[in-house]
Structures are given as C-alpha cells and as structure tokens.
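Asker: I have a structure I would like to understand better, so I am pasting it below and will then ask my questions one at a time.
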Amino acid sequence: MSPQTETKAGVGFKAGVKEYKLTYYTPEYETKDTDILAAFRVTPQPGVPPEERGAAVAAESSTGTWTTVWTDGLTSLDRYKGRCYHIEPVPGEEEQFIAYVAYPLDLFEEGSVTNMFTSIVGNVFGFKALRALRLEDLRIPVAYVKTFQGPPHGIQVERDKLNKYGRPLLGCTIKPKLGLSAKNYGRAVYECLRGGLDFTKDDENVNSQPFMRWRDRFLFCAEAIYKSQAETGEIKGHYLNATAGTCEEMIKRAVFARELGVPIVMHDYLTGGFTANTTLSHYCRDNGLLLHIHRAMHAVIDRQKNHGMHFRVLAKALRMSGGDHIHSGTVVGKLEGERDITLGFVDLLRDDYIEKDRSRGIYFTQDWVSLPGVLPVASRGIHVWHMPALTEIFGDDSVLQFGGGTLGHPWGNAPGAVANRVALEACVKARNEGRDLAVEGGEIIREACKWSP
C-alpha cells in the first residue's frame, strides 16, 4: 500500500487536499499488457505544471477526487488508480501537451463500452483546472477485447452472404430524407437497386414519423428488395433504421425486419447509445442480420481539435460494441477529411493488427485478435467523378454511398444507379489491368460514359 493510502494506528486520518502528482504522476511506471492506455491532449489553465494536470486527468478519470478521503485506507490505490506515466509536448502548440494515462483492467466491466467511457471520459472533461481536453486514442488490451462480441458478422461473412467479391459495395441514401410516403419511398428504393446498387439506406433521422410509419416503410422496402432481386439476379438490401426511443421498440423493429427476410438493419449508435447498440448487435448475430451503423452526432464530439474525442476512439468503440458498417468520412467530397488520418482509423476498423504510426494519428499499436472487421462507408457529397479516387483510397473492403450522386441524375434514379455501377466496374477493371487511377481516372470515367447514361 502506498504512503498516500496507508493508515496507521495512533496516527489517525489526515484529511486535506494534496497535489495530484504526488499519487497519480508516475513516470517510472512500466505499462502492462493488460492496461487500457489513453492519450489525452491537455490544454491546462495558465500557471499549472503539466505533471499536475496530467496527474489530475488520471485521478479524476479513475479513483481520485478533490480531497483525501478516509475510505482510501480501505482499498489499495496502487492496484486501482490510473497513472499518468508520460507527458510530451504538442509540436507547434505551446500551451498543449499529450498526457499518457494507464488504467488497470479491473476498473472496467467486461463487455461494456458504456462503462469504459463512463470511467475514462464521463467526468474529467468538466474539470475546471483544464481549459480543454481531448481523448486522442485508446489502446484496448487483448484481455479486454476478448470480452466483446464485436461486429455481428464482419467483412468476410457479409461478402459470403451477399455473394459479392473483388470490388467495393455500392449504396445510396434515399432523398429527400423526410417527407416521402412509404410507397413512394419504396419506389425510389426499387429503382436504385434495379439500376445496379447493392444497398439503399434510410437517412439517420428516418425513424417513425407521421408522414411515414416504420412498419409501412419496412413493408414497401422489402417489396422493393424482392422485386429488384428477381429482376437482377443479385442479392440486394436496404438499411432499415431500427433506431427508436426505447431498446424494446428498437428490437421489435429488428424482429419485424428479420420476419420480412431482409438482410440488414441500421442503428444511429451515438444518439441511440452504446448499450442499445450492443443489444442490437447481439440480436443481429443471433438472427443473421447485418448491422449498418450511422454516426449521427459525431461532430458534436470530435470536430474540435482541442476538446472532445477523436473519431478514431469512437471507431474503436463501435468495433467493440458491434456493427458491420460505419460511416467514416470520404477524403473527397463535401466533407473532406485528412487522408492519412482518415485511412488510419479506416485500418483500425478493418485490420486485425495495426502498428503505432503517429503520422496517421495512431498513438498505440492495437491488436484486435479475432474480433471481426467493420466495412468503412464513404458517403456525402460524392459522385461518379470521385469513383477513381474512392476506389484507389478505400480499396475493395468498403461501401461507397452516393445520395445526390445517384438520385440527382437528370434522367432519374435508375439511370443514376446505372451510372454509379458502370463507373465502379470500369474503375475496378482498369485497376486490375494495372492502370493508375490517380492519373487516368478522368479518362477511365469518360470511356465508361460511352456505355452508360
């Protein structure tokens, strides 16, 4: 037991406020394979030493509080406390530094992303001694990874279910997102799927509104799926959004989707919450449904560069909680992202083992062992002229999701879908023949236009 937690007969309990760094700053600490490691970007209030602020983050996100309490003597803080074990400056930012914190695995409930985030980020972000705080990355130890089911099926099983290999999958979000009747909505789904897309999608805020109740939408979309499958000979799907006000209602919608025989449902995992998401993920694995994940509300959390959480942390959490697809940004299009950083967390979604690479924003080596991978979804503001870049950047294991880039075609929905499919097939064929998509992409698309709407 450490001197800070030890109580001795005859001495009595010594109350009072102590500097955090006396207990929680331990630069000599050697991290364990079972520790959860966190990298925080810290912007402290003026005049506060980095060691004290880094230790404060470790304390307030683990066992600490603002004062010494007598019940410290009833446990072992050395076993349970978080430790700030390293501090480094942020290049180009005089007032910021990266604090590395190690958390003992016993602080976390098995298989619960909810508990993990409640512990690590649930309270410390309101700490007034900090001007701003951002969680840049987490290292999830193998011992903790193995307590999660992860994605319901994963990349390979999805390809086997769809019988589609050797190319990215194509999707489309039905527009306008709100206001269509269920029958007209189903018609748009049918036209897009018949034209050559693999999937169509409910927008994130399509749940069960007065203009289109969920059950009606599910029925008309299922009819569209079966009709397009019969005409094309391909397996098709529509992301039926099961997100609801309660977990019970969400599962009821997923059950109805399964009874209709459709292949995939959808969830808004941040607004719906990690407990709901994990519940739905378990249901999907048990019942053969794929699970598409939308990240609605992510920018509230990850957009600020010095406060909140980076999306790579949310992506890791989703892989643990469970989802077969997740929107990941495009690098091109109207929501352009930093290419290397985006591909860094795309690899964290898909690959089994990812080495530390600070140039791509990856602070820790991550081993996912047997946890299935997640397909990244590139969407928003993309169209056929982006197809060469998207095919080159994201590779085969991805979903390319066109909304206005399909439905905005001057000839209608089905020709828009045909144009997307022809462009994709042309890019994949050219790539397989050894042509450089980055250099010849425009020419490849122009050649494809001769055979497409």
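From the backbone N, Cα and C atoms, a Cβ is placed for every residue, glycine too.
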Asker: In Swiss-Prot, ASN123, THR173, LYS177, ARG295, HIS327 are given as binding substrate, so which of SER62, SER228, SER379 is in that site too?
Answerer: SER379
Asker: Applying a 10 Å Cβ distance cut-off over all chains shown, what neighbour count does HIS294 (active site, proton acceptor) have?
Answerer: 28
Asker: Provide, as an integer number of angstrom, the distance between the C-alpha atoms of HIS294 (active site, proton acceptor) and LYS201 (N6-carboxylysine).
Answerer: 10
Asker: Same chain only, sequence gap of 6 or more: which residues have a CB within under 8 Å of the CB of LYS201 (N6-carboxylysine)?
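Answerer: Non-local contacts for LYS201 (N6-carboxylysine): GLY171, CYS172, THR173, ILE174, HIS238, TYR239, MET266, HIS292, GLN401.
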